[in-house]
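Novice: Take this structure, written in structure tokens, and hold onto it; I'll ask about it next.
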Amino acid sequence: METFNHLFQGFAVAGTPTNLMIALAGCFLGTVIGLLPGLGPINGVAILLPIAFAMNLPPESALILLCAVYAGCEYGGRISAILINVPGDAGAVMTTMDGFPMARKGLAGPALSISAWSSFVGSMLATIGIVFFAPILSEWAIAFGPAEYFALMVLALSCLGGLVGDSLPKAAVACLLGLLMSCVGIDSNSGVYRFTFDILHLSDGIPFVVIVIGLFAVSELMLMLESHQAGAKPIALTGRMMFNFREWRLQNWATFRSSVVGFFIGVLPGAGATVASAMTYSMERRMAGKDHCFGDGDVRGVAAPEAANNASAYGSLIPMLTLGVPGSGTTAVMIGALTLYNINPGPTLFQDQPLIVWGLIASLFIANIMLLVMNIPMIRLFVKFLDMPNWLLVPLVAAVSLVGVYSVHSTSFDLVFGVLLGGIGYLLRVMNFPISPLILGFVLGDMMEQNLRRALSISNGELSVLFASPISIVLWVGAAAMLIGPRVFRALEERKLRNLGLLAAEDAHVEAG
Amino acid sequence: MVSERIFGFALLLLSVAGILIGWDLRAPVEYEPVGPRAFPLLLLTLLGVTAVVMIVSRPAPTKWAPPPVLRHVAALFVVMLVYAWLFDKLGFIVATALMTVPVARYFGGTWRQCVLGGIGLGVGQFFLFDKILDVALPTGLWLKPFLG
């Protein structure tokens, strides 16, 4: 009952005219950012975060804006996936598998509307999931001491590091670079200047916004130049726009199942929308039995990954809100937003700042309804954005990014530093270093060090305190498993494939002989 | 293959240099068992170890873009750097207009589109951010009297 009281208060916060306008603007911008190939939720949130801060929005409004953008991106990513076979963001990769074939068959309208519907169902179920699970988890997490927290952060880093990128050393390097960057500046316990090289601008540490914009926005522009070619023409929207009853009934259960699976995958740190959509797509394909046309324009192949990627995007808000430990790059950026406002994310957030948390949750419900309206009746408006040429888009993004950096401290030092980091970010990304562990490391670094030092202060320097409680042992074991598990699994898969490949090659050889 | 090695050595260098600098990070008065240098030194050591792993292991080689594209990417980087440096010196409108012309050229705009786009982006965004959204942008000293 208490939960519903809080939720009502949340609706009062989210329902003020200003916050409704902000949610609407966020949904619109998010959908546009999501549908533009190359720009995803993390760039969108990164670029808008400093601007929201500079506009002096109160913290709850800023968070509502960022979450609406995040949600909008998950809706927008599918538009370019369906119409030009290029996913707007990583979560929409699976949507191209059946969305584009549907569009080529002249069913672009139904493909877009059914995916909007399944995105809506996925988001709504996940938001309800947040309402029920987040308070429970936050109450449970209050029992965490510094040693448990330290282990939890190691777990979060190793989950993300274990799952993304192609090699463990690269993911580890990314994590470590992020953690090291968080050490720059005055050490808050002793007042010692660390790695500032007598540069005054660095004494407060490297500004979060500079890192985020440099690594995500500036390097993205350079990557766009690399992949810039004559853009594919989007498939024209002709024929009926709405899905019919038969299509609706066909995807119903697929959407429901994928939403639930997607939500729980999202709650786990590390695994995000990309994993969720890939997993549910293959799950539905297997469950469909013989009677399907997956890969050739099956409605379920559009509905399942869309429901899953939206549900997991929302699910990943849970560890961020309840533990203060983000599980993905985008939520790490949002944590950065909270710290800009001097709000300490963590299990006490639900008690200290109930209006912010519940206002945010309520605004997710509102944003979903707005997004459904934008994405079914108003879809033609958004399709027009696919015609935006790169020669206009790239300078626009470049200028908006620097405006964001400038707005925080108004120094050109930050701007130049951000662009330099952008160059480093480009090199790292071209060499397949995953960037999201880096940003997660930077966000968690300070908290990690503080908790480690606190834990060791309590035990007077005895290291065994880190492994003393059952919770922390479970977390350490989990961290080790997440680091090694996915790679062992992948290696086994590869060996199986290679054996099959070898056999096939031998067969061919025998036949040829 | 080669670029990974070079990068691995760069990381190793970074970690050694970091350890040398970080060794002297001691608080004047130590009142807790773990001082300010332990955490960074731990990270730097781990970084050194991973760098060595990267150098000796054989990761998948990086696919670099063909040289003409790389030259464009480098040029874009320089343009962004100059833009960042001139941002508050020339003022937002002029700096953005100047940045747009070469960047739009790299992305296939015609000269006409570039110039018009540059002026449009500079002026349009200035009014959007500075006047409507209340995000203060630099005008550059010489534009001040015209914009009020």
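Glycine too: its Cβ is placed from the backbone N, Cα and C atoms.
The domain 'DUF112' annotation in TrEMBL covers A:20-440. Marked as transmembrane segment by TrEMBL: A:114-137, A:149-165, A:171-193, A:205-225, A:260-281, A:320-343, A:355-379, A:391-409, A:415-444, A:465-485.
Describe the structural context of these features.
Specialist: Remote same-chain partners of the transmembrane segment (A:114-137), defined as residues 6 or more beyond its termini with a Cβ less than 8 Å from a stretch Cβ, comprise 3, 6-7, 71, 74-75, 78, 82, 95, 99, 243, 247-248, 251, 255-256, 258-260, 262-263, 266-267, 299, 302-304, 306-315, 317-318, 321-323, 350, 357, 361, 364-365, 368, 371-372, 375-376, 379.
Among residues of the same chain six or more beyond the transmembrane segment (A:149-165), those with a C-beta under 8 A of the stretch's C-beta atoms are 171-172, 174-175, 268-271, 275, 319, 323, 325-329, 432-434, 436-437, 440-441, 444, 447-448, 451-452, 455, 466, 471-472, 475-476, 478-480, 482-487.
Taking Cβ pairs closer than 8 Å, the transmembrane segment (A:171-193) reaches residues 157, 160-162, 164-165, 202-206, 211, 428, 433-435, 437-446, 448-450, 453 in its own chain, all 6 or more past its ends.
Residues 38-39, 42-43, 46-47, 49-50, 53, 181-182, 184-186, 333, 336, 339-340, 390, 394, 397-398, 401-402, 404-405, 408-409, 414, 417-426, 428-430, 435, 438-439, 442-443 of the same chain sit 6 or more residues outside the transmembrane segment (A:205-225) yet have a Cβ under 8 Å from a Cβ within it.
Outside the transmembrane segment (A:260-281) by six or more residues, the chain places 74, 89-95, 97, 122, 125-126, 129, 133, 155-156, 158-164, 301, 304-316, 318-319, 325-328, 482 with a CB less than 8 A from a CB of the stretch.
Sequence-distant contacts of the transmembrane segment (A:320-343) (same chain, at least 6 residues past either end, Cβ-Cβ under 8 Å): 41-42, 45-46, 49, 52-53, 59, 62-63, 66-67, 70, 130, 134, 137-138, 141, 144, 152-153, 156, 159-160, 208-209, 212, 266-272, 313, 349-350, 353, 356-357, 360, 435-436, 439-440, 442-444, 447.
Within the same chain, residues 6-7, 9-11, 13-15, 19-20, 23-24, 26-28, 31, 59-60, 63-64, 67-68, 71-72, 75, 79, 112-113, 116-117, 119-120, 123-124, 127, 130-131, 134, 237, 241-242, 314, 321, 343, 349 sit at least 6 positions outside the transmembrane segment (A:355-379) and bring their C-beta atoms closer than 8 Å to a C-beta of that stretch.
Long-range contacts of the transmembrane segment (A:465-485) within the same chain, counting only residues at least 6 positions beyond its ends with a Cβ under 8 Å from a Cβ of the stretch, are 143-145, 147-148, 150-152, 154-155, 157-159, 161-163, 168, 270, 452, 455-456, 458-459.
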